[in-house]
Amino acid sequence: MTRFDSIERAVADIAAGKAVVVVDDEDRENEGDLIFAAEKATPELVAFMVRYTSGYLCVPLDGADCDRLGLPPMYATNQDKHGTAYTVTVDAREGIGTGISASDRAATMRLLADPSSGAQDFTRPGHVVPLRAKEGGVLRRPGHTEAAVDLARMADLRPAGVICEIVSQKDEGHMAQTDELRVFADDHNLALISIADLIAWRRKHEKHVERVASARIPTRHGEFTAVGYRSIYDDVEHVALVRGDLPGPDGDGSDVLVRVHSECLTGDVFGSLRCDCGPQLDAALDMVAQEGRGVVLYMRGHEGRGIGLMHKLQAYQLQDAGSDTVDANLELGLPADARDYGIGAQILVDLGISSMRLLTNNPAKRVGLDGYGLQITERVSMPLRANAENLTYLRTKRDRMGHDLIGLDDFEAGEML
């Protein structure tokens, strides 16, 4: 097993102007980035980064700074499979040459981190790629973009970093993997940390959800306890329907049956046949009730896979004209799936869950969860009901979004799968 260094060492190194190596989830990019604070950028640091990485140097910033500096998205529809939020590229307007040298790029990076700079201080396009970090950092999105901003903040520096992927020295056509990254870090006296450890550190030292209320909820599936939560970042309210006894945040909640269900007004409340959300919610409540112990976490703000109710209705309009559920979102300039599960993970941890059997047909829900102190011991398939209205939708989820719906074509609309 690869040895990782402490988060405390990495933060101290960032504060001192050194670079660190940060690796992400093996089910995500499974790559390591060199990261340092943008305000500490020097020609030597940039040259070192260029030598050992792909050379596509990016500067993660928080959203407020992106807005202040006039940095719109590089492309209106973000099609990056990991949702990396690239903005327009820039160079410093004054004091540099062509913009590509290590000295020039270091100057641009420092200017991006300077709170007194403005949009007028940059030319576009340029040789440095700013990125917009998700508010909430790695607790909302377990990416290198957010890790860089978090590390800078934790080091009491401006929330701006510099990142680039480290290239393998064994096979220069590919990126370095964890074992090689450990050797690289040791050779150059750099700290090696994982985003999972950074998430765990922040989760231990910070809190981003608050428990508001708890009440008994009798349902047709049985009796549950509804535990209400509020996200501190955006004030969105979520509900965990708990069956049986859970141990609380300091207990041993292992192998708990869990469904993380995304809000769907049309399917859950109106009984729309265009999706399978309503039947999945009913099935999850029934399965947890029969288990006698478990959680159905109802995530608000996930309507239409995170695009919102009105955008979802607009997407339906495009689907009526022939687009599928993925293309409809993209045609609206929206991601195919804009959901994040960081807040949901914090709620599950607050309920005392340490490991779970996850009720889902979507393998992507597993990505990044380990970093929240949660282990998925089993993925439990959900029963679905296909019908004439949602059969195409289900096939699109299987074929284009990776949902595990093997054998869907063998069933006629209306039969239980």
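A Cβ is built for glycine as well, from the same backbone N, Cα and C atoms used for every other residue.
According to Swiss-Prot:
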type: REGION; residues: 1-204; note: region 'DHBP synthase'
type: BINDING; residues: R28, E29, D33, R141, P142, G143, H144, T145, E165; note: D-ribulose 5-phosphate binding site
type: BINDING; residues: E29; note: Mg(2+) 1 binding site
type: BINDING; residues: E29, H144; note: Mg(2+) 2 binding site
type: SITE; residues: H127; note: site 'Essential for DHBP synthase activity'
type: SITE; residues: E165; note: site 'Essential for DHBP synthase activity'
type: REGION; residues: 205-417; note: region 'GTP cyclohydrolase II'
type: BINDING; residues: R259, V260, H261, S262, E263, Q280, E303, G304, R305, T325, T360, K365; note: GTP binding site
type: BINDING; residues: C264, C275, C277; note: Zn(2+) binding site
type: ACT_SITE; residues: D337; note: active site, proton acceptor
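Around the Cβ of the residue listed as 'active site, proton acceptor', 18 further Cβ atoms fall within 10 Å across all displayed protein chains.
Each of the recorded positions H127, H144, R259, H261, R305 was scored by how many other Cβ atoms lie within 10 Å of its Cβ, and the smallest score goes to H127.
Least packed by the Cβ count within 10 Å, out of the binding-site residues D33, E165, E263, E303, is E165. In this structure, T360 (GTP binding site) belongs to neither helix nor strand by DSSP; it is coil. Here the binding-site residues are C264, C275, C277, and the one with the most other Cβ atoms within 10 Å of its Cβ is C264. Per-residue pLDDT, averaged across the region 'DHBP synthase' (1-204), gives 94. If you compare Cα positions, D337 (active site, proton acceptor) sits closest to E303 out of the binding-site residues H261, C277, E303, T360.
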